[in-house]
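Here is the structure we will look at, set down as C-alpha cells.
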Amino acid sequence: ISPVPPYSREQPIFTTRAHVFQIDPSTKKNWVPASKQAVTVSYFYDSTRNSYRIISVDGAKVIINSTITPNMTFTKTSQKFGQWADSRANTVFGLGFPSEQQLTKFAEKFQEVKEAAKLARDRSQEKIETSSNHSQESGRETPSSTRASSVNGTDDEKASHGGSAEAHLKSENDKLKIALAQSSTNVKKWETELQTLRESNARLSTALQESAASIEHWKKQFSACKEENDQLRGKIEELEEQCNEINKEKERNAQLSRRLQELETELQDKELELEELRKQGEIIPELMSECESVSEQLQAAEKKNKDLEEKVRTLRTEVEENKHRQTNLKTELKNFLDVLDGKIDELHDFRQGLSKLGVDN
C-alpha cells in the first residue's frame, strides 16, 4: 500500500480540509500540530484489497496514513474537533475543522467507511471459511475413493464396477484441480499482498525516519525561535520601560507647558496693570496742578473767611449796639449767619477733602 496516493487502484471518495494534530507520545495528553496550516484530508478506497484509508499529505510529507478498521471509533470532542486512535500507527490523530458542519460530514463518512470495512472483513472471512471447508471435504473424499478402489480385490468386482469407479475418480480429480487452482490463486494473492505490505512498510519506515529527522530539525528551530523570542521579550520590556520614561517626560513637559501658559497670562495681566499705572502717572501732573489751584482757591476762601469773620464781629458789635433799634435787621442777619455757617462748613469740608487728596497723591 503506497503511503502517497493516488494509484490507479486507489481513488478518493471524500475530501475536506482541516488542521492535523497527533497526540504527544511522551505525555499522551497534549496535542502536537502535524501541519502548520489547514491541509487536505481524504478517504481513499482500494478496490483490489477492498480497504479504506485516511490520507493527508503536507507538501512531500505524509502526516496521516491510517487504514480504517471496524474497531476504530471517531469521537467528537468539541464543536469543531474530532479524534480517532490508530493502533497500527500507535498514535491518536486529531482534526480541527473550520466549521461544525464539516466535522459532522467527516464523522458521518467515517461511520460509513467503518461499516463498509466491517462488511468487507465479514465477506473475506466467509470466502476463507468456504475455501477451507471445500479443501477439507476434497481431502476427506480422496482417501475414501482410493480405499474404495483398492478394496475391490477380485477381477470380477473390478469388471462390474470399473466404469462407475473411473467416473467417480474423474469427478474427484476435477474437484481437486479446482480446489488446487483456487488455493494457488489465493496463495498468489496473499503473496502479492504480502509483498505490497513489505513495500508499504519499507516506505513507512522511510517516511518515519524522515519524520524523525524533520522532528529533530523542527526541535532545533523551535529552540532557536524560543531563544529569539526570549531576546525579543527582553527588548520589548526595555522598550516598554523607555516608553514609560518617555510618557513621564511628556507628562512633565505638558505640566511645564501649562505652567508657562499660566505665567504668560500673569505677565500679560501685569503688563496691563503697568500700562494703567503709566496712564495714571500721566494724569498725576494734571492732578497736582488742579490741587495747587484748589489750594489757591482755599487760601482765597480762608482769607475771605477771615474777612467775613471780621465783618461778622463788626456786625455783631453793630447788632448789639443797634439791638433794640433794628429787630428786623437782626432776623435778617441771623438768616445770613446761618447761611454763612453752612458755607463755612462746606468750605471746611472742601478743604479737608483737598487735604486728604493731596496726602493720598
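For all residues, glycine too, the Cβ spot is worked out from N, Cα and C.
The coiled coil annotation in TrEMBL covers 173-325. Per TrEMBL, the feature compositional bias 'Basic and acidic residues' maps to 117-129. Residues annotated as compositional bias 'Polar residues' in TrEMBL: 130-153. The annotation domain 'WH1' is assigned in TrEMBL to 5-117. Sequence annotations record features per position, and here TrEMBL assigns region 'Disordered' to 117-171.
Per-residue pLDDT, averaged over the coiled coil (173-325), rounds to 82.
Assigned with DSSP, the residues of the domain 'WH1' (5-117) fall into helix, strand and coil as follows: 18 helix, 54 strand, 41 coil.
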